[in-house]
Structures are given as structure tokens and as C-alpha cells.
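Note sheet for the following structure.
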């Protein structure tokens, strides 16, 4: 692979991974449009990595608890499978971001491990982060669409979205997005090389120059291109707007129904309600909580994904903003900040589930030995 191809791939992951894999001389090269010195820039980026480590620590623990808790709760509701699959992809996303931040913090590798971190991070952190991020995005779009179908086709949704079809979607989603990320290892080779700067032998990367392998790189780039970036986000936005309207309408209906039932009960001196009515209310309440949970997850996803999508679009539209051009430091800092926001998106679901699902809350408390 030529150097230009290397930079093209680096530009692709620079919007998600904290470090695009550029050599030190590209970062340290002086430029008239640089707002801060290279030393201050590197210090700023290292401070950003500490923020990512903090968020990532919460995310790894939180997603681990989510996975264990949903395995204990069970999958009688097909949406629990989607929640579990999302927790796994969120775990991979957070781990990739933390690894990328660790690679940027070169002091760790300079003193502990003989790895050329800013080369190795490209396939090990960047592409895996992209893949897991897209898996999370597709699952979020799927559960948002499922909730919309529950509103539009309440009597048919159980036959349209079964547990088996949910499993098929999850497996296909993982295979579809992880396969291109795995193909990158055909294009690169890990090899030991001597680093003059560190005066030691380190593990780095060697890029293959075979035309077929270059074509493979182009395929990976096309697969992770801009249109695919927008599809899940647009789907989630549309479904979220629909769900918010539906939830507001449902809340108004329940309020009116409750007032009507109360008046009827007072007029007829009724003390209780039938078992059938109580069961219907519990079902509506459960569906309402699931709808609210999905809506909150979707809103968090929209808020946290929009900066990455905008940054990605600006990178492709403005060549000078790319990680190897005039505004490279601004690009890297914004990309690092976007990575931190993405880590937040992959770390907050445990708080949403805990506050919105009584069954999850009880199972988590039992897991943590907070209740008998």
C-alpha cells in the first residue's frame, strides 16, 4: 500500500479513533495555521485520553453488568436479546476507544511495552471501533423500528418480529460489520522493526503493496463510507419523533381514561376493577415503559452520534481539515472529543435500564447482593 493509501485509511478512522495512525513527524511538522505548539497539543490530547479512560472504565463495568443481568432476567421478551447484543457491541466500542487512547498516551508504551503504538492502533483500535459503533447504531435503529411497529401493528408485531428473526438480525449485523474490519489484516503485517527514536526493537506494521490488497482496502473504505453512516441515524431520528408523539398521545389517553373510569366508578359505587381491566393496564404500562426506555436510548444515541457524523462529513468535504493537512491538530482534537462522546453513548445504558425497568433493577440488585 502506498503512503497516500495509508493516509486515506487513517483519515477514515480519525473521526472515531483517538489516533489515526499518523507518524510523529506529521504531527510535529510546523504549520502556519497551527493554533498551538506540538508540545501543548500532545499534552492536551493526553489529558483527553484520561477523560476517555474514566468514561471507559464506567462503560466496561456497566456493560459487563448489563450482559450478566440480562442473562439472568431471560429473553421472554425479544427486545432483551437486542439489549444484550447492544451491550456486547458497546463493550467492544468502549474497549476499542480506551485502547486507542492508551496508544496515544505514548509514555505508557515507551516505558513498558515495545510496541509502535501509533501504527498498531490503526487495525487493532480504529477499525474495530468503527465496526462495533456501526453494530450499535444498527441495533438502536432496529429496536426503535420495533417499537414503532408495536404502535402501528400492535396485534401483528409479535408475529412480525419473533425471537428467531431477532437472532438472525443480530448475527447478520455482527457478521456484516465485523467481516470488513477483519479483512484489514490481509493488507497489513505485524513485524519487528528498529526504532531510532526509542533505540530499541518494537512491534510495528508493514503495509502490503499488492494491487489486489489495495483493491481490498478500497472495498473496506467503500463499505464504511458516508451513506452507511447516515442510514441508522436517520432511521433512529424518524422513529424517535414518531415514538415521542405516540407516547404523548398514549399519556393523554390514559389520563382521560383514568378520569372517565373514576367518574363511572363513583357513579355506580364500584370499589374495584375487573381482572381483565387490570391485566390490560399492566400490559399498557409495560409497553409504555419499554417505549420510554427505547426513546431515551435513541435520544442519547442521536445526541452522541451527531457530532461524529458531522465531523465525518466535514472531513470528506474539506480536504484541508483532514488529519494529514493544514488543520490536522484541530481534526485530531475534535476526533478525540468525538471519541469521548461515543464512549459516553456506550456507557450510559445501565443507568437507563436501572431507572426504567423494575425487573432489570431487581435482578441487578440481586446480582450485587443488595437485596435478598
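Cβ from N, Cα, C; glycine included.
Among the ranges 9-29, 114-134, 135-155, the one that TrEMBL lists as transmembrane segment is 135-155. Record note: among 269-289, 290-310, 290-310 is the stretch given as transmembrane segment by TrEMBL. Cross-referencing 167-188, 189-210 with TrEMBL places the feature transmembrane segment at 167-188.
Across 48-71, 83-102, 135-155, 290-310, the stretch most heavily in contact with the transmembrane segment (330-356), judged by Cβ pairs under 8 Å, is 48-71. Nonlocal intrachain contacts for the transmembrane segment (135-155), taken as residues 6+ away from its ends with a CB within less than 8 angstroms of a stretch CB, comprise 79, 82-83, 85-86, 89-90, 92-93, 161, 169-170, 173-174, 177-178, 231-233, 235-236, 239-240, 242-243, 246, 287, 290-291, 294-295, 297-298, 301, 305, 345-346.
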